[in-house]
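Here the structure is laid out as structure tokens; the discussion comes afterwards.
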Amino acid sequence: MADVPSGQSHSQDTNVEIWTMYGIGVLISALRTFARYKAVGFQGFQADEYLVWAAVLFFTAQSVLAYEIGNSAHGLANNSISNGQRMAIIQGSAEWDSRVFGSKIQVAGIFIYTALLLLLKLAMLVFYVRLTSGLGSRYRRGIWIGFTLVIATFLFFLGALFIGCRPFERYWQIYPNPGRNCQPAISKPIIWTSYAGNIVTDIYLILIPMPLLWESTLKLSKKLAATFILGAGLFVLVCSTIKSIILLLEPDNGPESAGRWGARESFVALVTTNLPVIFPLFKTMLKPWKQSKRRTSAEAKLKPRSGSVRTIGGSGGASYSRSCRKTHGSYPFSETTLMNSEEDITYPQAIKVYLGTPNMEHSGGIIVSNEFHITTENRSSMMEHRLNHGFPDTW
């Protein structure tokens, strides 16, 4: 059991990292829920809110297992050991029991890790469904394909887990050597199916909103910011790639380091899934400051110059334009939202009519004017508004 002291020493650093990531992950998930509550209330919660908290439960289980494998199993399992060493381990000894227990934890941890990522990907897809609400079947089709792809890759992984090593109990067999496929930490069927599924689904989820985003009329800087937020899943892919490379190139000494990267991958996945929903909360917090700044700027522009003449609905001089701001004489006549079938077009059109300028009549030297404004909103501007302002009923 010479390996035990080094494992215990290593676990102190690992424990700090595990529980730090766990605390931050839960805090960010709570911020997400708070942001949604502020936007729509509890009655407005949709499936992604519950999927995220189900993922938090799996994240909790993963963190506990990561702690246990370092502290109870001393970082040991049925891998990274020669045939001669296997023969020397006495069945029922402390090392034997630690390796069996560690192998069982690894099997459970692999399943929990994959289920956790499944829940987060499903939550992201539900978020995309909300984001594209009313934008037509062309934008939804890719999302439904995403659901199919995510579920299919999960089932593919389950097949590799349960079929790759038979009988299933060989996953924690010590002697005789069960073979690499039955050593859960370095099993090639598990590594390849997990990585292949992650790389395909992660890239696909990142690409789903990009065409709609870049077709919008947002400023380039805002497009880049939204791309960073929606594309933060690339960091998950980086962690997954590093972990898989370590396991494939260093099967004897890599599992310990790969385990850390697996925990980091889950943490980054939880953060990046919540980030797009939390972002509008920060915009809301900054809104009073922005409004104050905008109001000060507007007051400076509207301040009349000396000797200027004010008119009602007139043009010229330093007149006040009713079309630029809401005043006592500007009343919305109607506001209509039309929802057509998805085959035609499914976006709302808002028609607003205001009293304001053109047809001028003179009454006692006072100019009275009426102005009609008709505003339509297309898919592009609708998407722009949601990305730019968070759209409380959507995000």
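Glycine is treated like the rest: Cβ placed from N, Cα and C.
All TrEMBL annotations are machine predictions without curation.
Within the model, the domain 'Rhodopsin' (31-283) shows a mean pLDDT value of 91, rounded to a whole number. Look at TrEMBL and you will find 31-283 tagged as domain 'Rhodopsin'.
According to TrEMBL, the region 'Disordered' annotation covers 296-323.
The transmembrane segment annotation in TrEMBL covers 18-35 (among others). Residues 49, 52-53, 56, 59-60, 63, 66-67, 263-264, 267, 270-271, 274, 277-278, 280-281, 395 of the same chain lie 6+ residues outside the transmembrane segment (18-35) yet bring a C-beta within less than 8 angstroms of a C-beta in it.
If you look up TrEMBL, you'll see 47-67 (among others) marked as transmembrane segment. Sequence-remote contacts of a segment are chain residues at least 6 beyond its ends whose Cβ falls under 8 Å from one of its Cβ atoms, and for the transmembrane segment (47-67) they are 11, 14-15, 18-19, 21-22, 25-26, 29, 32-33, 36, 105, 108-109, 112-113, 115-116, 119-120, 122-124, 126-127, 130, 259, 263, 266-267, 270, 273-274.
Residues or ranges marked as transmembrane segment by TrEMBL: 110-131 (among others).
Per TrEMBL, transmembrane segment is recorded for 143-163 (among others).
The feature transmembrane segment is assigned by TrEMBL to 195-214 (among others).
Summarising the annotation, TrEMBL assigns transmembrane segment to 226-247 (among others).
Here TrEMBL flags 267-286 (among others) as transmembrane segment.
With a threshold of 8 Å between CB atoms, the same-chain residues lying at least 6 positions outside the transmembrane segment (267-286) that come near it are 21-22, 24-25, 28-29, 31-32, 34-36, 38-39, 52, 55-56, 59, 116-117, 120, 123-124, 127, 229-230, 232-233, 235-236, 239, 389-392, 395.
Long-range contacts of the transmembrane segment (195-214) within the same chain, counting only residues at least 6 positions beyond its ends with a Cβ under 8 Å from a Cβ of the stretch, are 117, 121, 124-125, 128, 131-132, 135, 139, 142-143, 145-146, 149-150, 153-154, 156-157, 223, 226-227, 230-231, 233-234, 236-237, 240-241, 244, 383, 387. If you look at the transmembrane segment (143-163), the same-chain residues 6 or more away from its ends with a CB under 8 A from one of its CBs are 107, 110-111, 114-115, 118, 121-122, 125, 128-129, 132, 189-190, 192-194, 196-198, 200-201, 204-205, 208.
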